[in-house]
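Annotated features in TrEMBL:
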REGION    53-122  region 'Disordered'
COMPBIAS  68-82  compositional bias 'Low complexity'
COMPBIAS  98-107  compositional bias 'Polar residues'
COMPBIAS  111-121  compositional bias 'Basic residues'
DOMAIN    199-345  domain 'YDG'
DOMAIN    420-480  domain 'Pre-SET'
DOMAIN    483-627  domain 'SET'
DOMAIN    642-658  domain 'Post-SET'
Amino acid sequence: MEGNGGNYTDKTRVLDIKPLRTLRPVFPSGNQAPPFVCAPPFGPFPPGFSSFYPFSSSQASQHTPDLNQAQYPQQHQQPQNASEPSLVTPLRSFRSPDASNGNTELEGSTVKRKIPKRRPIARPENMNFESGINVAERENGNRELVVSVLMRFDALRRRFAQLEDAKEAVSGIIKRPDLKAGSTCMGRGVRTNTKKRPGIVAGVEIGDVFFFRFEMCLVGLHSPSMAGIDYLVVKGETEEEPIATSIVSSGYYDNDEGNPDVLIYTGQGGNADKDKQSSDQKLERGNLALEKSLRRNSAVRVIRGLKEASHNAKIYIYDGLYEIKESWVEKGKSGHNTFKYKLVRAPGQPPAFATWTAIQKWKTGLPSRQGLILPDMTSGVESIPVSLVNEVDTDNGPAYFTYSTTVKYSESFKLTQPSFGCDCANSCKPGNLDCHCIRKNGGDFPFTGNGVLVSRKPMIYECSPSCPCSTCKNKVTQMGVKVRLEVFKTANRGWGLRSWDAIRAGSFICIYAGEATDKSKVQQTMADDDYTFDTTHVYNPFKWNYEPGLADEDASEEMSEESEIPLPLIISAKNVGNIARFMNHSCSPNVFWQPVTYENNSQLFVHVAFFAIAHIPPMTELTYDYGVSRPSRTENDNPLYGKKKCFCGSAYCRGSFG
């Protein structure tokens, strides 16, 4: 109705308007008048024409004052001095009921539209990208899929970090490649376990470590990228109610120092508001979900937040299922009420956070490491000590060898081509094509700012000790071991190597030190040597680098991951070597080798460097694929059959190596 001076509008008349995109223009023919006119929505208009709702405004009213004043409400008009209209209704608001694909219900004269869930929109350049994960796998994962998703995310994150480092060197702006990589994977289906559930998440194992919150989102362990409590709504006795599925303990305010299996968790909320004042926490959302889980006796997944020593950053370790035993309210430091929850770890689960706390005590020396033989078997050669431990039998250590962190090359392996380093003053800058060493790497800096390898390449060129860039980050493999390692006795494979610290994917571990020469000189002498590395072996191929399509790059420019060694190289660590000699073989390894070259005393040498394939939890054995000799014989239709029986225990064990 239009009574009371035109202050009301009949909404049914507005809702009956057809959307503009359904109207077909009718062009006059012959001498019909007036002629067809196309004018801006707010004018100016030729004589005899005017604006129409919802484009009417004070700007249009200058041309049609009577029409606007009589038919449209006061709130749709602007002051005379306004330059743009306000509260303009978008065209999508006038969607007809029959065009809603069943999402509109008619109730009398009122249209009630159901809002569909918002879905990520792929950009045009990625319309052909296929994640390779079907709908069933996206809802419910498995171990292989979880590992794959995490590797694909981190490969993309490293690439984005590499690109951002190059921009930062010019602009000084630091961005978050992890957030960009996470949102990209989310939007393009590189994820799993999207079906939210309490309890165990398929494919995620207790003790798994995460270096970014988004990783937990992509595998369904903890959905919120920031909130500490995740929950879902279930049917209760009288109404629907929330129950908690997982919590992330920051480690700042939570914990029970005396018992690693007990967690005192602080509720959410009560933070500073717009007035910079804290307030009482409320029994809502996550706090209410924890309270309901307590009443239901429902277990909650717990992820512990820890500080990473090597990169001075936060890491997260999945510690399994906890039961909520009690809750209470107490005054926080700000004087306001906070909720507290006591959670106790369910029995029978493998240790995770408890192992971490034990390691922290070993580092202080109290108590001493059980089974410790030597606190530092390198005798100070490595900057970080390497423990020698035996908790299996009475063996006091491996056979004697000389510890060395370098490779000694024979005359036959010296490369005769000249080597030219860079002339950068302080350090090489990512994206600086004037740097000779960066140009050798195809124009890209091979490592991120924190020393993580971006991609596998046929060869990586580092700056040499003779380059003037003394503080350069392109000397990662020359800086020695950066994590706390220990050599330990295994149950059935002799001595092995593992780390006290969590190792990030792409992190450098060590080189293979020893005595190197080309294979033609050592065919006979190395026959009985178990401590050798042979670059001519055949290896199971695997993909580790980022997907160009996922990174919006041309797939035709994808780099090869096959190594290119100028001469057949074999390194023996039987008499002289380092910790790499203790890394055992596995058909499903967590470490890979990468050829790296740099100049030394005007000679160019190739080194074998080891990097982490994926995130490696503390106290996990480090292994790499030894490959098989070429040519290898075939057994049981297996073309990669080696000389020695394999005891790696992997589900994908090929039965032999070497």
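Using N, Cα and C of the backbone, Cβ positions are placed for all residues, glycine too.
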Interface-richest range of 420-480, 483-627, 642-658 toward the domain 'YDG' (199-345), CB pairs under 8 Å: 483-627
Helix, strand and coil totals (DSSP H, G, I; E, B; other) for the domain 'YDG' (199-345): 18 helix, 61 strand, 68 coil
Tally of DSSP helical, extended and coil residues in the domain 'Pre-SET' (420-480): 8 helix, 4 strand, 49 coil
Per-state residue totals over the domain 'SET' (483-627) - DSSP helix, strand, coil: 10 helix, 56 strand, 79 coil
Secondary structure composition of the domain 'Post-SET' (642-658) [DSSP: H/G/I, E/B, coil]: 0 helix, 4 strand, 13 coil
